[in-house]
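Everything on this sheet refers to the single structure shown next.
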Amino acid sequence: MKLLKLGVATAIAATALPATAEAATIVAAQTTVNANLDPAANNGFTIGFSDSNLANPFNEVLTFTTDVAGQLSINLTSVTTSASDDTDFSNVFLSGTGLAGPISIAQILADPNETRALNNFSVGVGTFTLNILGNPGTSSGSFGGSVAFTAAAAAVPEPGTWAMMLVGFGAIGFSMRRRRQTAHLYQAA
C-alpha cells in the first residue's frame, strides 16, 4: 500500500511540474531581440521585417533560432508604386541547422508586386537564416514580410487514458498483493 501511495504521489507530482519556457533569438540588421513563445498564439512568435532604399543588387539576411520543433511560415512581398520602383527577387531561400538542406521559397505572384511564400513547413530545433537576394528598381525599391513560427504540440494523453492507466496499475498491484490459496487435493481410498 505504501508503494501504491508513493506511485500515485509521483504521478501527481510529474503532471504538476511546470512546462519549460521556450525562447527564440532574433538577429536582424545588427539588432538582437529575445522573443518568448506566446501561449495565446499557439506557442509561437511572428517576426515582421521590411527594408527600403536597397543596394543594387541586394542580399538581405534574417537569422533566428528556435529551441523547439514546429511549423514555419514565411511571406515576402515587394512594394511598388511605379514601374521604376519594381523590386525583383532573384533568389529567396531558407537554410539552417534544423533543415536537411536549403529550402527555396516559392514565387506566388509575379511583377509588379512579387510575392513569395512558404506555409506550414515543419522544422526541427536549430538556427535558421532567411536569405533574400534581388535587384531593386531604379529609384527606391522596397519589400516587407514576416516569419511566423508555431511550436509543435507535445503529445499529452487524454484524462480518460490517464484514468484507465491508473486503474490498470491498481489492478496489477491488487493482483500481486492477493494471497494465493493453497489447492487441496482429495484422493479416494
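These residue numbers are counts, starting from 1, taken along the chain as shown.
The backbone N, Cα and C atoms fix where each Cβ goes, glycine too.
TrEMBL does not curate its annotations; it predicts them automatically.
Quantities reported herein were computed from a predicted structural model and do not represent experimental measurements.
Marked as signal peptide by TrEMBL: 1-21. Feature annotation from TrEMBL assigns domain 'Ice-binding protein C-terminal' to 155-179.
Averaged over the domain 'Ice-binding protein C-terminal' (155-179), the predicted model has a pLDDT of 79.
Here the domain 'Ice-binding protein C-terminal' (155-179) is broken down by DSSP into helix, strand and coil counts: 19 helix, 0 strand, 6 coil.
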